[in-house]
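Undergrad: Questions regarding the structure given below will be posed in turn.
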Amino acid sequence: SQVSFEEESQNPPAVGHWKPLMPSQGDKEEAESGCQDAGGVHEPQSTEQLNVSRLRSSSVEIREKGSEFLRDELHKAQKELKLKDKECERLSKVREQLEQELEELTASLFEEAHKMVREANTKKAAAEKQLREARGKIDMLQAEVTALKTLVITSTPSSPNRELHPQLQSPSKAGFRKGHGRNKSTSSAVVSAAGQNAAPEPVSRECREVDSILFAEFQAWKESPTLDKSCSFLERIYREDVGPCLDFTKQELSELVRVAVEQNTLTIEPVASHTVPVGQVAAEECGGPKKCALSGLPRTCKHRIMLGDSGSYYYISPSCRARITAVCNFFTYIRYIQQGLVRQDVELMYWEVMRLRREMSLAKLGFYPTEM
């Protein structure tokens, strides 16, 4: 290569015989005229140069066309690539949206399942509670029906029940009737205690006259018996008898007693002879064997009450016990009527209600039998 380079440097190319790669039409004409002027001396050399220039021009054209084709293919590939990128981006967004929706759906399904489980557990607990309450009510109603058959239904003016009306018993038998029955009437004992020194008059000589207003109110209530105090019949009894009878010195405890009596959750029991265990000693507001919790007065308390299932006992005096018992007897009887257990004439039921109202009136005035 060095030798060829030296030869080329020693023989410089002839000036005036170089042809461009792509000669124009004018150049071709000049070349032809030059050749003709030269008289054909340089004709072979110019033909060879022309062939080289043509080859060079054709290679350039091919190169340019190839580069143009490649550029077109590159542009097409870039466009396709951009379209694929957009499609991939769209598909990725769709996938993310689907994944998010799936997560939300899964979370909502789990939440709904937990909610259904909680509701099922709540309903199950409520149903079990209602079942227990229903069984307790059934047992209570069965006991009340048994007592009602022997104490209420069997008592008529022509053949009175002597257990229900102790004033009809002989004094010797009446003296042995002790203790407390929640569903038994005590007004007869009040009458017998009030008239110990006087000979009791026969019941047939008692003069009675139906009050038209009270009887109309009772008849209206009897058509649709209810324990709602808004009706005229019960509203009058609440105002005239129940309210004053359960109005004690301790107002807060009196209200609790009234609610327990209305809900039939009050329990009265005699005070046990044994002492109260340590840790279960009644508080000061609960009274004691020598102090009434309702009146707050120092009295000998032979009974105590419990409100619902609270477990707290309140000692009460005989007078307070007579007042509470009178109200309990009234509510027990109207519950019997509401449940359809009393199969008597309307007038007989009315007079039984009036007798129970008389019990409450005597009790709120302080009259009670000595056995209390």
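In case you wondered, yes, glycine gets a Cβ from its N, Cα and C as well.
All TrEMBL annotations are machine predictions without curation.
Sharing the features that TrEMBL gives for it:
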COILED    67-151  coiled coil
COMPBIAS  44-57  compositional bias 'Polar residues'
COMPBIAS  156-172  compositional bias 'Polar residues'
DOMAIN    64-147  domain 'GDP/GTP exchange factor Sec2 N-terminal'
REGION    1-57  region 'Disordered'
REGION    156-198  region 'Disordered'
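Distances, neighbours, how buried they are, the whole picture for these features please.
TA: Per DSSP, the secondary structure of the compositional bias 'Polar residues' (44-57) breaks down as 14 helix, 0 strand, 0 coil.
Secondary structure of the domain 'GDP/GTP exchange factor Sec2 N-terminal' (64-147), assigned with DSSP and counted as helix (H, G, I), strand (E, B) and coil, comes to 84 helix, 0 strand, 0 coil.
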Undergrad: Summarise the model's confidence over the coiled coil (67-151) as a mean pLDDT value.
TA: 88
